[in-house]
Amino acid sequence: MASSASILLAYRYVLFVFFVICNAIICSVAVWNHGMPEVTGHDYQIDAFLTFVGAFGIIFIIPTVAVDLFRRNAVPSRVWFESLWVGIFCLMELAGASALTANMSNMSCSSVNDTVDVCTSSLVMLSFAWLITVMLLVYLLALTLSAILHQDAGVSVWQSSVRFFPWYATHASLNSAPASPTRQWKKPLQLSAEPRPPVRQAVIEKSPVTGRAAARPAPRPEPSYEPSRPAPPVPQSQAPLASAEPASLYPAVLKSSLPTVQRSQTSDTAPPPLGDWPRRRTEQSPASADSVAPQSTSITSSTPRHPRNGSNGSLSGRQRPIPPPLDLTKISAYR
């Protein structure tokens, strides 16, 4: 949250101020206490150590804060560097405060003026040493835990600046929009894949005439599906056509012995157009006459003619045969 980040940064600057104040008081009191006459049970080495810690803290914190304010993302303002020096000074202040606490139990503070002054100065150093130690420890824990929580932020939090890193930054969440209606799709139809005929590959053959290789398409494979049965044929009503025989002039006795002429019957059910009727009659009449003519001539030629003997027309010892029928087709020859 934004409030947590602002609290962390505000506590950081407050710590810097108290760090300078506490170290300045500890350093000055330790120097003054070191120049006092000896007091029974007082260890002056603790005063020397606290003098060093206070002086070194002031010398270190002033340039560090200046670089952090005037330079962005500098090394002294990075998370790893600040966690390091805060931890070191926390240990040093803790060591000095613990030693001074242990030494205060051995001191014999009497009503002598010099002894009272040393005891009072020691109590002042002890209070400020513990104060700065607790403040450094709280800031060290807060900074370290915040860095660990932000390791998954996508950037290296340990290499970032403490002042510019988005601590506990959260994006403003908008109200969730109403859920869009989802269309329920029906189960798709599963169609079986239609078998495709394989691609015909060209077969290369060598022509015996030219000697060159010629490519011919491969035979088409038969379909794998079963061919459908043909529909039964629709019966067509065929009107019987009466065979029109040409008129014959032969007598009825010879008509049965003559070979019959079979005419091809047209299978056309529809009558020919009106314009063709006269033409087809004229074309068929000579054909019928020509077909009858050879038959008559063959019969005539096959029947032997005997010369008549006598006026009565009787044959010698035989009965007169029946004369052949007249061939009217060659009537013009007997003029």
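Cβ atoms are placed via backbone N, Cα and C, with glycine included.
As given in TrEMBL:
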type: TRANSMEM; residues: 12-32; note: transmembrane segment
type: TRANSMEM; residues: 44-67; note: transmembrane segment
type: TRANSMEM; residues: 79-102; note: transmembrane segment
type: TRANSMEM; residues: 122-142; note: transmembrane segment
type: REGION; residues: 176-244; note: region 'Disordered'
type: COMPBIAS; residues: 218-235; note: compositional bias 'Pro residues'
type: REGION; residues: 257-335; note: region 'Disordered'
type: COMPBIAS; residues: 257-269; note: compositional bias 'Polar residues'
type: COMPBIAS; residues: 284-317; note: compositional bias 'Polar residues'
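Counting residues 6+ beyond its ends, the transmembrane segment (79-102) has Cβ neighbours under 8 Å at 19, 26, 43, 46, 49-50, 53, 57, 60, 64, 122, 125-126, 129-130, 132-133, 136-137, 139-140, 143-144, 147, 157-162, 165 in the same chain. Long-range contacts of the transmembrane segment (12-32) within its own chain (CB-CB distance under 8 A, at least 6 residues past either end) are made by residues 47-48, 50-51, 53-55, 57-58, 61-62, 65, 89, 96, 121, 124-125, 128-129, 131-132, 135-136, 139, 162.
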